[in-house]
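Over in TrEMBL, the protein carries these features:
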- Gly105, Ala106, Phe132, Asp217, Glu218, Val219, Gln220, Thr275: pyridoxal 5'-phosphate binding site (BINDING)
- Arg135, Ser274: N(2)-acetyl-L-ornithine binding site (BINDING)
- Lys246: N6-(pyridoxal phosphate)lysine (MOD_RES)
Amino acid sequence: MNTQEIMDMDQKFVMQTYGRQKLALSHGKGAEVWDVEGNSYLDCFAGVAVNNLGHAHPKVTLAICHQAQRMIHCSNIYYTQEQAELAQLLTQISPHDKVFLANSGAEANEGAIKLARKYTGKGEIIATDNSFHGRTLATVTATGQEKYKTPFQPLPDGFKHVPYGEISALAQAITENTAAIILEPIQGEGGVIMPPEGYLKDVENLCRQKDVLLILDEVQTGFGRTGEMFASQHEGIQPDITTVAKAMGGGYPIAALMANTRIAEAFNPGDHGSTFGGNPLGCAAAKAAIEVLLDENLVSKSKEMGNYLQKKLEELKSKYSFIQEIRGCGLLIGIELTIDCADVVKKACEKGVLVNCTAGKVIRLAPPLIINMTQVDKVVNVLDEVFAEMS
Ligand SMILES: Cc1ncc(COP(=O)(O)O)c(C=O)c1O
């Protein structure tokens, strides 16, 4: 089928919940993807920070094929070696020692909220304005953006919001009924918003003082995206619960909430569960994906390439007055414009580079961590051409 035929069929049969580009992708390899017409693109968005290893990484593909031949799924009422091994690996790379496996970022956050409430026996969750934590009813309520939740009222009780980056607002919001604070270490969907230096450490200290749990939502920032395995490591903080998803399975949908035994033990059999969570296929994919991340030193490459890309983008900033700010960390970068960025996305796509627009005026770049210098140069050259056409 060609692009138009696919679009027509989609519009007829798929609920129209996505504002899509007029592009039908068929396959990818490394940092490149192809559309059904045979055109290639440099993927600078990596499926919303999912394809950290690029597309079709041979080790992940092999692990999936091998596992699919043995067993795709079995119930969580049985043990599997794949689940136990993945959980062990997650504890080795994170500051936690117990894991619950889920299927999506929203589900991991739901689980984290349930765990915090069960452990503390308290109900209130404090989140931040402009945050994004998912689309289920509890996570959309935690999300600090009205547009995502207004049509879906009534929303669950027990959530309140404070400005991101303001420690005094957080301190004032805590009450004796507060179970946890949920935060993104960098607000991704909200426009790649970096908190002020020291904020996360201050939040950690505040949580300790007030006996409140800190849930760090690393769904977007985890697995090397920001130049550390987890963004919490930039300030050396120790969250009580970390949630991860996106890049975890090398493209395969799998997620986790991770905690320390003291807190994790609040969950007893029957308290939480998922039919598909931690299925052998997902676990095999995630174990392979994390091993590739470690074997190929992709976390330090993310830092190195991220610094290079940010430096090149700063050069563009000095050329175009409508570039307000370049910010980010590792390979999660935002280019804030004073103009609407939808046209930039469209024009960059026509020139063979896929980028994303978030929060209306921010170009979000989140390429695979395997991106090389030549490819980074191509991204910057294409953006340069697009910006030149727009000025
Ligand atoms: C920080 C953060 N948390 C949670 C989610 C929700 O993840 P999912 O779409 O896998 O449910 C996202 C998705 O963009 C995210 O960026």
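Note that Cβ sites are derived from N, Cα and C of the backbone, with glycine treated the same way.
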So of Gln220, Ser274, Thr275, which of the binding-site residues has the fewest other Cβ atoms within 10 Å around its own Cβ?
Thr275
Looking at the binding-site residues Glu218, Ser274, Thr275, which have a C-beta within less than 6 Å of some atom in ligand 1?
none
Checking your reading of the structure: which of the recorded positions Arg135, Lys246, Ser274 lie inside a 10 Å Cα sphere centred on Val219 (pyridoxal 5'-phosphate binding site)?
Lys246
Tell me the Cβ contacts of Glu218 (pyridoxal 5'-phosphate binding site) under 8 Å, same chain only and six or more apart in sequence, or just say none.
Glu184, Pro185, Phe230, Ala231, Ser232, Thr242, Thr243, Val244
Near Phe132 (pyridoxal 5'-phosphate binding site), how many other Cβ atoms are within 10 Å of its Cβ?
25
Let me know the most crowded of the binding-site residues, choosing from Ala106, Val219 and counting other Cβ atoms within 10 Å.
Val219
List only the single closest residue to Gly105 (pyridoxal 5'-phosphate binding site), chosen from the recorded positions Arg135, Lys246, Ser274 by CA-CA distance.
Lys246
Select the most exposed residue of Arg135, Lys246, where exposure means the fewest other Cβ atoms within 10 Å, treating these as the recorded positions.
Arg135
What does DSSP call Ala106 (pyridoxal 5'-phosphate binding site) in the simple three-state scheme?
helix
